[in-house]
Every structure is written in structure tokens, then in C-alpha cells.
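What follows is one structure encoded as C-alpha cells, with my remarks underneath.
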Protein chains: 2
Amino acid sequence: MNQTLDKFKEHLKKMRQYEQAVCLLNWDLQTMAPKKGVESKLETLGFFSTESFKLSTSEEYGAMLQELSRPELFAQLDEGMQLTVKRGLRDYQRFQRVPQDFYTDYVTTSARSEKMWEEAKRAGDFSLFSPWLDKMISMTRQYVGYMEPEKDAYEVLLDMYEEGMDSATIDRIFDEMKEGLLPLLSKIAAAGMPDLSALEGHYDIDAQKKVQNMLLSYIGFDFDGGAVAESEHPFTMGICHGDIRTTNHYLEDAPLSAIFSAIHEGGHAIFEQNIDPVFVNTAAEQVNLMGLHESQSRFFENILGRNPNFWKPVYGQLGELLPQFQTVPFDVFCRAINDVRPSFIRTEADEVTYCLHIILRYEMEKAIFRDHAATDTLPELWNDKMEELLGIRPANDAEGILQDMHWSDGSFGYFPSYLLGSIYGGMFLNQIEKELGSLDPILAEGRVKEITAWLNKKIHRYGSLYNSRQAVQRVCGCEISAAPLLSYFNKKYGEIYGF
Amino acid sequence: MNQTLDKFKEHLKKMRQYEQAVCLLNWDLQTMAPKKGVESKLETLGFFSTESFKLSTSEEYGAMLQELSRPELFAQLDEGMQLTVKRGLRDYQRFQRVPQDFYTDYVTTSARSEKMWEEAKRAGDFSLFSPWLDKMISMTRQYVGYMEPEKDAYEVLLDMYEEGMDSATIDRIFDEMKEGLLPLLSKIAAAGMPDLSALEGHYDIDAQKKVQNMLLSYIGFDFDGGAVAESEHPFTMGICHGDIRTTNHYLEDAPLSAIFSAIHEGGHAIFEQNIDPVFVNTAAEQVNLMGLHESQSRFFENILGRNPNFWKPVYGQLGELLPQFQTVPFDVFCRAINDVRPSFIRTEADEVTYCLHIILRYEMEKAIFRDHAATDTLPELWNDKMEELLGIRPANDAEGILQDMHWSDGSFGYFPSYLLGSIYGGMFLNQIEKELGSLDPILAEGRVKEITAWLNKKIHRYGSLYNSRQAVQRVCGCEISAAPLLSYFNKKYGEIYGF
């Protein structure tokens, strides 16, 4: 037993070292690598990815997984190792069933498809992307068909990004959301739009970086266990235990963008920074539960960061670092960060209409994978759903179906995680307030780190040991429900918009 | 033939990919990695270094090198490949002779010794470092003894950092330097010190970074083929062809530090950025000729960057970016960047006294490796030489023998390269002026890139295809001599100090 386990741990460590090289290369490509070095770095990335893939599908690794799965040995493993063996065996078996040639073809086609999507988006021309989307749909269907031949393709996809989740559950809670949101949005629309011109101006980017660092420290990001860099799109990446990094991007005329991206990515990073060190080199360290991950980033960004009380202790500092804010009255600022109105682009949407952007994508994905909707009918379907859900119709596909990258590389089934994250966040809020009392005074008194500590203790430390459903059950003692998020929305926006 | 060559190239590429990972990890550790991730990253670095070492000492690689060295095959290789086989075989044979246990012990002891040096330097206490220095001297002697059992240890060390160089040549040209420098320094001392208080003040670090980028572009650094980051000590690192990076550090009260470090590291980077792409994945791409490398960085920093004419076209921009310079008259600035006076610390020394700092270290190294000077007598010997060469005596070992890291990790024989670099630079200057005319009008008219282009064409493109001695011979048509550097010093400082 001990010998197999030691050998297994050695193998895991080696896998992690290759993965660390792959992460670092990816990080570098997105934050630092100059244009002329990209080709060589992509080649090296390909080399190390292949070495890493070989390790995770080697016969030796498979034999160790089989051995450690034997009930009498499995029972002796600690919970981190049990998860590692269970997930490892599942993935090993899945990958074994995918023909090597098909896999290479799928990866290459994804990369090309992504490039074509970029081009089509730039040109605002769906017809350029349509044949590639068509190919990605059929290849993705084939890919998951190899991995899990007995199961419905879309269920497998959902499970890939949010283990343990299924469309029956999502249908139930997304319907709940839809029903609750439509009347809320009518009320908000009736209340009229605030005047936000006081925020217009030029905001120095070096100063925006200082604001970002101040806010990250304020919410509990550990600069000794992470770093921040600049990239085209903000993201968070765990390089290894003790090194969880985020990026940001800065707009000279829209300082709220970097501010809320910082808090959002900070939420992702704080999650991974606080995983218990006992899980180092186990599967629990890798949080592939996208809904749970989003629950933390969206909780920090929206439920904490857009609460006016969050800003009471730091609004003065914000004005010191970015003097333009000294002329923006506090209540105008609070209206600006809670400005709810229908818009076309998901990534720029407010926290309320955002939910409908996700429901739209979820319904589209079901139409694709369940109803086999023809690819060339998808733009029209998108626009119809947009009109139905948000009352606005895109003038072109760039602000419609072409806006997101996800489908271009085959990440079907990913979108629902965003809204699931918000919904879990609503449930966690509910539970925090039961245990710690109302957020408002905690935030107003500058004690946000007490909330961070609660999340660390209840959620972060376990990494992905429990899937999202299990985590919600453990933390809140009940099944997933959209009701807490809806009630948070109604209370908050009722106060802001006065209804 | 073709089959062996293809296999050999495949092997080289694999070696480069591991080296690229090692470089990137090192880069990351020095520029970005947070404290808590260091341990894990060092472990991964160790893993990839070992894999890389295995590839460069594998029997398969050795057999290919032997095969390609056969005269009839060797003759068919292009010059980049010939160099790769020649250097590869030499290093392969050297490493084969080093016992594995000894090598591991040497590497580990180096790392520990470096740590102890840091501690001793902080404490200003040589006795903490003395036993480690003693061990590093004897182990380094043993190490090169394994590699080249027939040769004098110090000659092997000199050749490691500056291939083809020997102590007879260095003795000759360093004596030439010493003889020429001592009267020059007396004249400068007699002329009195300038008043530089106009430069005192606080210089914004973000603005210093903008100045750095402006200067790097100005001298020809290609931001599409490189990047700049911040680190404790400035350095340059080639990650791969098309990605040559430098770092800088910034002092709020001393803006000249970052300015001249930028130009210095820029010189290193411009060298590697302009190596001909035909040498990718050959030994010529790796410029281990430290003297030749320093000749470029020191040429840009001193011979170009400290020439008043260099600043004429950009002094206005400097004042726009760092407004404090608007109140510094141009001639005061030019005096400040050419302030020559004896000082204790090599890395802060001006270009003239710097030469004597290196001669001191070279004489110390000969005393250690040739005369077997006892380690505990070395601090006194250092101080005596300092007094002899520069007329000042360190008050403690932190500003004496403990100041440099090089000896702590066994890099004996490295120091002479710095002065050799300046000497080659003087010769290149001489040759440029023969071919292009005086530097002064070229710089004053903002045509510095014509000089960069000359260096690209004559030196940079070949990488390390020719060693320094060969490069000097090819470019200048004569043997290495200190005379051009001395005559540059005498002319320049005669004008500045009026003698």
C-alpha cells in the first residue's frame, strides 16, 4: 500500500510540475510575452502539454489508479487522496476512450475555430464563423460521446464544468429566476435612469492600479501569496499553492471597469489562496467547479462590492488616489455602481440583467444539443430570445451571438455556471446574515475581512473536495434555490429605485 | 547523415524547450513570484534543470555528437551546427568527467554558500562567510580539475566565461590600463568635484519607467521582441528567439540609476535581439561570452549614454516626463553623468574607476588560485589593493570584500569580463569612428540607431559564432589592446575637467 501510494504521489508531483510549466507559459503569453516570441512559446507550450497529457494517460498511472481504487486500499486514503483517485480514474477512463487522432484533430480545430471567431467578431459577420461553429458543435458532441457513450451529451458537458449538476436542476432554478426577474425589471424600468455624467473624465491608469491594489488588500487578497498583472481580459490563475495571480485591464475613461474587475478576480483568487495546504498535490487543490468559483468572485464583486456600505470606509481613499472622485457625491457613485438597464453585452451587464444573459445562452445550448437547431438559424434565435428576455434586439451579430468566445473553442455547458454562481452567492449571503447579522454594519464599519474569513472557513479551505451542490448543502443546510438571490435583488433595488 | 542530423536537431530542440522552462521560472522568480510560491517554484526549477542536464549528458546525445564530429560529416554542417557540435562535445566530455555525487554536492554547497554570503554581507561580518568561501575555492578548484585535468584551474575558469581568453593576454592589457589610468585619475582629482545638488529631489517611479521605455526605444530596443519588468537587481535574460527581456530597479531619489541601468541592459538585449535567425537552436544563439556581452552593454551605457551629445535630442523629453530635470541645466546634467571619483562599491562606480575595481578582483583571484592565499587574509589583501589602486580604504568588509555575490557561488574568473568588455568597446568605438566619422554629430543629430545598426551588422548578428578575440580581429583587424579605451578616457575627461 505505502509503496503504491508513494509512487502515486511521486507521479502526481511530476504531473503538477509539468502543469506548473504549462500555467506559467500561459500566464506569460497573456501578460508579458512579446509578439515575436509567441510562436516559440506556443511550441514549448504544446510540448509540455503533451508531456503532461502523456503522464495523465500512461498505463503506469492507470494501474496505480486501479490499485488504489480497490476498496480495502481506498478506505485507508485520506479524503484529498480519495478524491484524487476517484477523479483521476474517471478522467483516465474518459480519455482512454477518446481516439488519439480525434483528440488531436479536436484540439487543432478548436484553436482554428477560435481564430475564425475573432475574425468574424471583428467583421461582425456570422457567416465567417458559421461553418466552424457547426464543426465545433458536432465535434464536441462526438468528443463527449467518446468519453461517456451512455449519457446525454449536454448532461456530460454540464457536469464537466460543474460536477454533479444536471439540466433538471438548472431548469428548475433558472425558471424560478426568470419568473422573479421579469417583474423586477419592469419596476426598475418604470423608475427611470439616473444621471451619471458626474463620473465622466480621464482617470490616470497608474492611479487606477493603486486603487486596485488598495481594494485587493482591503478584501483580503494576500500579496505574499499572489500577484497582479495586466492583460487583455482580466482572469485569475493558480500557478501553484502559494501563488495565485489575477490580472486586470484599465480604461482611461471608465474607472469602474478596473475597480470591479479587481474585486471580481480578487474573489476568485481569495478562494484559491485559502485552500487548506493539506490538499496540496491532490485533486481538491484544483477547483474545476466553475459555479462555485463564480459564486465567490460574483459575491465579492456584486454582493459586497456594489453594496454602498462597502464604500463608506474607503471612499475617501478612492478620492485621494483618483481625485476626480472627490467631485462625485457618494450617492451618485452608489447609483452608478448599481445602474440597472438592459444592454447587449454580457460582460458589461449589471448584476440583475446579467442573469437573463445567462438564461438566454443556456436556452440556446439546449436548442443546439437537444433540439438540433440548425447552425444558420442561431443568430435569429439569439435575437428573438434577447427581445423576449430583455426587450432589446441586437442590430448586428457582434453585439449578438458573436460576442462571447466560449462556443468557438467548444466550451458548451460553461455558461450556466455564471448564474449558478450568483445563485449560490445569494444562498451564502442568506446564511452569513443568519450567522453574523446584517452585512450592512459589518461593511460600513470596515470589517469586510470578517466576511472573507467566514467564506475561508466555510468554503475556500475545502477547495473542490465537495462539489457545489454538496458545498451548498453543508454550508446552508438545504437544496439549491434561487429565492435568496431574488429576495436580495428585490430588497436592494427596491431601496435604490424607491419602489 | 541527414537522419543523424535530424535526430540531433530534435534533441537540441527538446533541450531548448526544457531550458526555456528553466529560464521562464527564473525570470518569474526574480520579477513576479510572490514569497509563498517560491518553494514550490524552486522545486519545479530543480526538476526541469535536472531533466535538462540529463538531456545534455545522455549517452544518445553523446553518440550523436561523436558521429557528427567525424570529419566527413562535420565538413557538411553549416557554421552554426559546427559550433554546436564542437561546443556540445567539449561540454559533454567535461561533464562526463565530473562525478555525479560531487556535482550535486557542488551545486548544493553553492546555494548554501550564497545564502551565507547574503547573511554575512548584511551583518558586515566576513567570519560568517569565510569557511564557505574557503569551501567554494577548494570545490571550484576540484570541479574544474575534473573537467580539464591537464590544465591550470584559473585558465579553465577564465575560458569558461570568456572562451579563448587567457591570463597572459589579460595581464598584458590590464597592466596597460593600470598604467594609463593612474595619471588620468590624478589629473581628475586635481580638477576638483562638481556641485551636483541641482539633481536632488523626489522622482516619481511611474515617470521613471516612462523615461526608461523612451530611452530603450530610442537606442533600438524592440518591444515586439522583448519586455521590461522590475526586479531587485537589473538583468537581461533571453527566454527564446524573439523574446529578450530586461529588468530595472527604481530609486525615488536617484533617477540616474534606472536611466543608466536601462541603457546598459538595453545594450545586452539589443545584442541578443539581433542575432541572425539562422542561428536559432544552435550554440551561436547562446552568448556565453561575457566579455563580448559586456562590451555591448557598457558601450551603450558609457560610450553612448554618457556622451553629452547623446542627450541633446532627448533632454527635452526627459524634462517633460520628469519635470525636475527642467530645473537642471544641461551642462550640470552632463557633469553629473560623468562624475568621476574613487568609491568603494563596484556597481556604483563611474566608468573610469570601475576599471580599477575589476583589476583589483582579477589580482585577488590570481592570489587565490595561483598563490594559494589563505582565505582569512583576503579581506586585508582586498583593502590594501583598494588603497593602492584607488587611494581609499574600506571601513568594513561590507564595502570591501563582501560586496559582490560572484565568489559565493563559485563564479571565479567572471570579473575580468567586465573590463574586457570596456576594452573591446573602446576598440569598437575606434573602428566606428573610422567608418562612420565622429560619434558626436551622429548622436547630436539623434541618429543613434545608425550606430546600433553598425553594431548589429558587425557583431550582434553572429551571436557567439566567433569568440571575443575573433570578433575583435574581424571587426577591427587587430589584436586586443587597451589603448583605444584609454585614449577615449583621456580625450573625454580632458574636455570635461579641462586639462
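Glycine is treated like the rest: Cβ placed from N, Cα and C.
Binding of Zn(2+) is attributed by TrEMBL to A:HIS264, A:HIS268, and within the candidate set A:GLU232, A:GLU285, A:GLU294 the record adds A:GLU294 to that site.
Taking all protein chains in view, 25 other C-beta atoms sit within 10 angstroms of the C-beta of A:GLU294 (Zn(2+) binding site).
All protein chains considered, the CB of A:GLU265 (active site, proton donor/acceptor) has 25 other CB atoms within 10 Å.
Contacting chain B by the Cβ rule (under 8 Å between Cβ atoms), the recorded positions A:HIS264, A:GLU265, A:GLU294 reduce to an empty set. Cβ proximity to the Zn(2+) site centre (mean Cβ of A:HIS264, A:HIS268, A:GLU294, cutoff 8 Å) flags the following additional same-chain residues: A:THR236, A:GLU265, A:GLY267, A:HIS293, A:GLN296, A:SER297, A:ARG298, A:PHE300, A:GLU301, A:GLY421. The Cβ of A:HIS268 (Zn(2+) binding site) lies under 8 Å from the Cβ of A:THR236, A:THR246, A:HIS293, A:GLN296, A:SER297, each on the same chain and at least six residues away in sequence.
In the three-state DSSP scheme, A:HIS268 (Zn(2+) binding site) is classed as helix. The Cβ of A:HIS264 (Zn(2+) binding site) lies under 8 Å from the Cβ of A:PRO234, A:SER297, A:ARG298, A:PHE300, A:GLU301, A:GLY305, each on the same chain and at least six residues away in sequence.
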